[in-house]
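Listed in Swiss-Prot:
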- C179, H182, C201, H207: Zn(2+) binding site (BINDING)
- 290-325: coiled coil (COILED)
- 88-165: compositional bias 'Acidic residues' (COMPBIAS)
- 330-344: compositional bias 'Acidic residues' (COMPBIAS)
- S336: phosphoserine (MOD_RES)
- S339: phosphoserine (MOD_RES)
- 69-165: region 'Disordered' (REGION)
- 309-344: region 'Disordered' (REGION)
- 174-215: zinc finger (ZN_FING)
Amino acid sequence: MASGVGAACEELPPDGTCDECEPDEAPGAEEVCRDCGFCYCRRHADAHRQKFLSHRLAAYVHGAQAWTPPASGDDALPEDVEAKGEAEGEVESEVGEEESESEVDSESEEESETEEDSEDESDEESEEDSEEEMEDEQESEAEEDNQEGESEAEGETEAESEFDPEIEMEAERVAKRKCPDHGLDLSTYCQEDRQLICVLCPVIGAHRGHQLSTLDEAFEELRSKDSGGLKAAMIELVERLKFKSSDPKVTRDQMKVFIQQEFKKVQKVIADEEQKALHLVDIQEAMATAHVTEILADIQSHMDRLMTQMAQAKEQLDTSNESAEPKAEGDEEGPSGASEEEDT
């Protein structure tokens, strides 16, 4: 295997193997460098060409003079010059491609980094926006819940006051106990109009000159009336229907008209009985109200008497205290005056 350049190469001619490979494993040479005189296999020839761009490589011919060192750069063969130019162009193109690829890679990396940074920033901004939106939503939900709770409480209060049947019934009972014209308690009964009135209605109201009665009298009169009118009307209705239905001359239409007329009579009797029962209830309620009013009036008068007695007792106590004070002062002066006289 040859080594060295110039004259050294003349003393040690090439042995036909690659000078870069190991001697025991060196394959046959395929190219030879005209500048340094070394022989190379295909792989090391490519590596040598890329490393030394100015060196000229040619095909190695086994059994012949592989190369002769050139006298000067001008004596270089045109083929070698062209091969050198082509090699340099290929190397430059490869280097340019590598540089362009590296530039493209760097640009793509920068763009990807920029995109990642922008994505991170956008993610952070979106997270902040989402947190703010969540806080705003929570605040708005809390306000809505408070407003709903207040509105529900108000609605429940209004509903209780508006739709409570007990309150409505009590209001109706209170309104029924008062005269709609004068606002006084219903304490008298008008026999002509069959209506409860106050004490001012027969004096300055619409019941002047009417026959009146007390609540107790009206209640006893209504209760003592015979309530068998409804029963008698029903028995009479049944008998008349039997008699009418047994008449063969009565048509179906006539029977329908007859039934309607008879039931209207019974309905009138039922309405009278209903009105009577309602009057009894109203009179009882008015009597109870009057009784309670009397009891309250008695209690109030009793309390007034007690208050008067307490005031009188307090005045007497104050008077006795005032009369006792001068006497006590005189008793205190008495012993002191007596002692002074004894000293004199």
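The backbone N, Cα and C atoms fix where each Cβ goes, and this holds for glycine too.
Features recorded in Swiss-Prot, as mapped to the structure shown.
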residue: C179; record: Zn(2+) binding site; CB count, 10 Å: 18
residue: H182; record: Zn(2+) binding site; CB count, 10 Å: 15
residue: C201; record: Zn(2+) binding site; CB count, 10 Å: 23
residue: H207; record: Zn(2+) binding site; CB count, 10 Å: 20
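For the zinc finger (174-215), the model's average pLDDT works out to 81. C179 (Zn(2+) binding site) falls outside any helix or strand according to DSSP and counts as coil. Mapped onto DSSP helix, strand and coil, the zinc finger (174-215) counts 9 helix, 11 strand, 22 coil.
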